Amino acid sequence: MNYFPIFANLAGRPVLVVGGGAVAARKISLLLKAGAEVRVAAKHLNAELSALAAENKILWLAEEFRAEHIRTVFLIIAASSDQALNRRVFHLAESCQKPVNVVDDRDHCSFIFPSVIDRNPVQIAVSSSGSAPVLARLLRERLEALLPPSLGDMAEISGRWRDAVKGKLKSVTERRRFWEKQFNGRFAALVKNRQNTLAERELAGQLEQSRQNDQGGSVSLVGAGPGDAGLLTLKGLQEIQQADVVLYDALVSDGILSLVRRDAERIFVGKRARGERTPQEDTNALMVRLAREGRRVVRLKGGDPFVFGRGGEELETLARHQIPFSVVPGITAAVGATAYAGIPLTHRDYAQSAVFVTGHRKADAPDIEWQTLARSRQTLVIYMGALKAALIAERLQQHGRSPDTPAAVISQGTLPAQKTATGTLANLAELAETAPNPALIVIGEVVGLHEKLAWFGENGEGENRVGQTYPALGGLNAGQRAA
């Protein structure tokens, strides 16, 4: 974070602007909207600023900048056409520990101006830290188009009702849920349609019946996807933004966790093959306890909760204890990681089916049907199999799969650090040995398409490939794509 985002209350505070031209006028316009007491140090003013001075909206000092001008002001803006003067203002302000901005000179600023979306009292600031002002402006334009003009009215009405809601609903959780419901319901729709009187009546009615409608605690089982925060579903984002507490595992990326509601409690309940482990029974008991406390719990799991995620076991526990629950599916690693590696799971020339299996089973689980897994013309995806890669390769070859079958190990799938190492079934153990976890094993002729279809990260530039040729793919030329 290059700059700390902060909103300053300038109402009635003295602010010094050095300069009397168009650049100074633009900054002064913003300062006046914020209620600042604007003082202008300049020998001459342009027509716009002269009019403001005549109306006593700004205090014109009618002289060149002097060091004494900065002593009694809250912050300083240097907006003259004289660069040497602007930098002198900067150094004097710095020596007095006063916030200072030299317009269009990032190296001489202790604060900068963001692009602003103004729906007063709602304000949204967008900044590129001065690196790409045009990008910040484009982002502001997109946000302007997304946010309704009625947003300010909604905030003003809500502000008038805050005390009433606080008096009726005693806990922070109750109040937060109440407002979330209003901002996503009929109240918001009425304000959007400029029916503010009806909106306030709706608010009053909702508040009157809010205590009776409180449903207490619940658990939402949310699939976080394979890692890339952009692959989290909209429903999943809504759930983690409304959660009181989030129980997450080791496969949930930092990018996903950064989207969790800031005030929500976060509890790690993960499992790692070579390290920290939270017993599943403890996680189940924790979900039940938190829900019974009336909290909105999100059980956030990497990938999809019902694909080797023990989601079914967790829901059985909740059902047994009569805890309300819901499920938000996620993109499983076999789908996400292979797509980012340029490996299609099915392809009518090479694979008519895809099989997902886990390399980490219960001790009393039935024997694996290796004969079925060793079939050709299918794609085999193995979760949590890196530690058993040698055994997997041996058994598949024993049951008829060719040692020349293309194979890949995808680690850190869909994340910037994603690596895809390709080879054959014969050297699968070698590929897996150096792959960081989490890693996914993919076996099948479709792996041969990786070289042509890789598009993401380093693999998109042709790196991390074990040199192999695959006869089955010989018909695909550099400019040709299979159907």
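A Cβ is built for glycine as well, from the same backbone N, Cα and C atoms used for every other residue.
Annotation source Swiss-Prot lists active site, proton acceptor at Asp249. Asp249 (active site, proton acceptor) falls within neither a helix nor a strand when secondary structure is assigned with DSSP, and so counts as coil. When other Cβ atoms within 10 Å of the Cβ of Asp249 (active site, proton acceptor) are tallied across all protein chains shown, the result is 20.
In sequence order, Asp249, Ala250, Arg277, Thr278 make up the list of same-chain residues 6 or more apart from Lys271 (active site, proton donor) whose Cβ falls under 8 Å from its Cβ. Annotation comment: Swiss-Prot describes Lys271 as active site, proton donor.
Annotation note: Val307 (S-adenosyl-L-methionine binding site) sits in a coil segment as assigned by DSSP. Marked as S-adenosyl-L-methionine binding site by Swiss-Prot on the basis of sequence analysis: Pro226, Gly302, Gly303, Asp304, Val307, Thr332, Ala333, Met384, Gly413.
Under the heading phosphoserine, Swiss-Prot lists Ser128, citing sequence analysis as support. In three-state terms derived from DSSP, Ser128 (phosphoserine) belongs to neither a helical nor a strand segment and is classed as coil.
Mean per-residue pLDDT, taken over the region 'Uroporphyrinogen-III C-methyltransferase' (217-483), amounts to 88. The annotation region 'Uroporphyrinogen-III C-methyltransferase' is assigned in Swiss-Prot to 217-483.
The C-beta environment of Pro226 (S-adenosyl-L-methionine binding site), restricted to residues of the same chain at least 6 apart in sequence and closer than 8 Å, consists of Gly302, Gly303, Ile331, Thr332, Ala333, Val335, Gly336, Ala337, Gly413, Thr414. Each of the binding-site residues Gly303, Gly413 was scored by how many other Cβ atoms lie within 10 Å of its Cβ, and the smallest score goes to Gly413. Here the C-alpha separation of Ser128 (phosphoserine) and Val307 (S-adenosyl-L-methionine binding site) works out to 39 Å. The Cβ of Val307 (S-adenosyl-L-methionine binding site) has Thr332, Ala334, Phe356, Tyr383 as same-chain neighbours under 8 Å, each 6 or more residues away in sequence.
Neighbour density around each Cβ, counted as other Cβ atoms within 10 Å, peaks among the recorded positions Ser128, Ala333 at Ala333.
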